[in-house]
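Marked as (6S)-5-formyl-5,6,7,8-tetrahydrofolate binding site by TrEMBL: ARG23, GLU82, LYS122, LYS453. Here TrEMBL flags 218-377 as domain 'TrmE-type G'. The GTP binding site annotation in TrEMBL covers 228-233, 247-253, 272-275. Sequence annotations record features per position, and here TrEMBL assigns Mg(2+) binding site to SER232, THR253.
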Amino acid sequence: MTAQKTIYALSSGAGTAGVAVIRLSGPDSFEALTTLTGRHDFEPRVATLCKLKDPDDRSHLDHALALPFKEPYSFTGEDVVELHIHGGRAVTEGVLSTLHKNKSLRMAEPGEFTRRAFENGKMDLTEAEGLNDLIHAQTAAQRQLALRQMDGALRHLYEGWRRDLVSLLAHLEADIDFPDEDLPEGVAEAARPKIRTLCSDLKGHLDDNNKGQALRNGFTIVILGAPNAGKSSLMNALAQSDVAIVSDEAGTTRDAIEVNLDLGGYPVRFIDTAGIRENAGKVESEGIKRALNKAEQAHLKLITIRADEWPDVSRETLELIDDRSFVVFSQSDKADLDPAMFHVKHPSLRPVEVTTTSSVTQQGISDLLEKVERYSVAQMEINEAPILTRMRHRTALEECISHLERFDQSATLDAVLAAEDVRMAARCLGSITGLIDVEELLDVIFSDFCIGK
Ligand SMILES: Nc1nc2c(c(=O)[nH]1)N(C=O)[C@@H](CNc1ccc(C(=O)N[C@@H](CCC(=O)O)C(=O)O)cc1)CN2
Ligand SMILES: Nc1nc2c(ncn2[C@@H]2O[C@H](COP(=O)(O)OP(=O)(O)OP(=O)(O)O)[C@@H](O)[C@H]2O)c(=O)[nH]1
Ligand SMILES: [Mg+2]
């Protein structure tokens, strides 16, 4: 492999801070450190206090800690130098522009350090994705999920399955290449039950109610109902902040408004939407279209119905109520209503809960929040089993299953076809971990990272 160009980037966040870290990786990292300090006496994995200077005019840039790592024992597997500098704008800009003048270096692209770690075998793609998830984790449960994936939970699962397929494939191919040799009868037949078991393991793994994806992306709760039902007021009451505009004018909310909450360590996103009604004007109709669109993506819908208008509920509102909905009788301070009335009037509808709230008196708000938390946590709670977190993995696993299901038919027909199905299935698993040739995938995955990571 040809030596890669040495890259550098600010690895800590933007903005003023006590300390910032600039990271260099590649064959010229140590040389660049010498250029900045005029010193050669650095020891791998030992932090050394040193003065950084611009080699052109000897101007003083910072008093810094330099921490070098000798390849292959570094995050990227290459020579790495970390400069732990003072975190102000002038210092970071000064050091970065000095590095910029060094012709043997270039700025890192987003995710490039991690990409090199992957290319040097420090991690597979699922671990790299876990690392990215860890950096973006907003809640404790998301952090745990990401750390588990970084530790290789998915890598071991998918690699195990792939190894099983590769070993079956070896037998099938031996049978094709040496049909007259003294091999056991019906290799394809013998593989059949194993393939079926694997297929059902894969399906079991996929059949997770999208738990991992919900936990990773946040559990989406959409507040819906007629104009003036009190949706924006409810959202503000739940979030305990004035995120959405409230007014007595019907049709106040047009765009969907989001607020993220941490409920017991689990990420929940509330979305307030435009009131749904017929014969709305042009802008409001667009808002309603967006509301219905959000309703389709919702993990849970809060359907607000004004207590003081009951039992008058529009058809549009009733149609939204399903087994992933709570009915919320809003503005309970205006009318005293028993939640049980809902079932009496609409026995065929099956909302999970029916509650009453008032955004003015706060009646029922904390009770609703508790019910919402219980429901969403139950949908996201994970056990020890490795858990699927991405659409990319789901699609590849589904494709893998389709090849395995085709094997069942091919095995009766033709050993060559059967082997090809197994090979394709193994390839699908390999594309998830990246332990096969997946060059075109890499740009997509790593461009999603931050610079300096
Ligand atoms: N200063 C600093 N802090 C950091 C990082 C970093 O790169 N720099 N990390 C960056 O993400 C995380 C720690 N992850 C790291 C992972 C591997 C290696 C490393 O040097 N690995 C070598 C040696 C392993 C060992 O000593 O056990 C290797 O894998 O060969 C360093 C950091 C979080 N904190
Ligand atoms: N008394 C009382 N008034 C409320 C309550 N909730 C909302 N209101 C009032 O009802 C009116 C409409 O409230 P919003 O929260 O803007 O209603 P909305 O459903 O978001 O309305 P649109 O965005 O137009 O669809 C405002 O005047 C609020 O002050 C409540 O719990 N009690
Ligand atoms: Mg509103």
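Each residue, glycine too, has its Cβ placed from N, Cα and C.
TrEMBL does not curate its annotations; it predicts them automatically.
Within the same chain, residues at least six positions away from GLU82 ((6S)-5-formyl-5,6,7,8-tetrahydrofolate binding site) with a Cβ under 8 Å of its Cβ are SER11, VAL21, ILE22, ARG23, LEU24, ALA66, LEU67, PRO68, PHE69. Non-local contacts of ALA274 (GTP binding site) by the CB criterion (under 8 A, 6+ apart in sequence, same chain) comprise PRO227, GLY251, THR253, ARG254, ASP255, ALA256, GLU284, GLY287, ILE288, ARG290, ALA291.
Counting only the Cα atoms, the space from ASN228 (GTP binding site) to LYS453 ((6S)-5-formyl-5,6,7,8-tetrahydrofolate binding site) is about 47 angstrom.
Counted within 10 Å of its Cβ, the other Cβ atoms near ARG23 ((6S)-5-formyl-5,6,7,8-tetrahydrofolate binding site) come to 24, all protein chains included. Secondary structure at SER232 (Mg(2+) binding site), as computed by DSSP, is helix. Rounded to the nearest whole angstrom, the C-alpha distance between LYS122 ((6S)-5-formyl-5,6,7,8-tetrahydrofolate binding site) and LYS231 (GTP binding site) is 49. Pairwise Cα distances among ARG23, GLU82, LYS122, LYS453, which the record gives as the binders of (6S)-5-formyl-5,6,7,8-tetrahydrofolate, peak at 18 Å. When the binding-site residues ARG23, GLU82, LYS122, LYS231, THR253, LYS453 are checked against ligand 2, LYS231, THR253 have a Cβ within less than 6 Å of one of its atoms. With a cut-off of 6 Å between Cβ and the nearest atom of ligand 3, the binding-site residues LYS122, LYS231, SER247, THR253, ALA274, LYS453 reduce to LYS231, THR253. The binding-site residues under consideration are ASN228, SER232, SER247, THR253. Their Cβ neighbour counts within 10 Å are lowest for SER247. Counting other CB atoms no more than 10 Å from each candidate's CB, the binding-site residues LYS122, LYS231 peak at LYS231. Neighbours of LYS453 ((6S)-5-formyl-5,6,7,8-tetrahydrofolate binding site), defined as other CB atoms within 10 A of its CB across all chains, total 21. Averaged across the domain 'TrmE-type G' (218-377), the predicted model reaches a pLDDT of 95.
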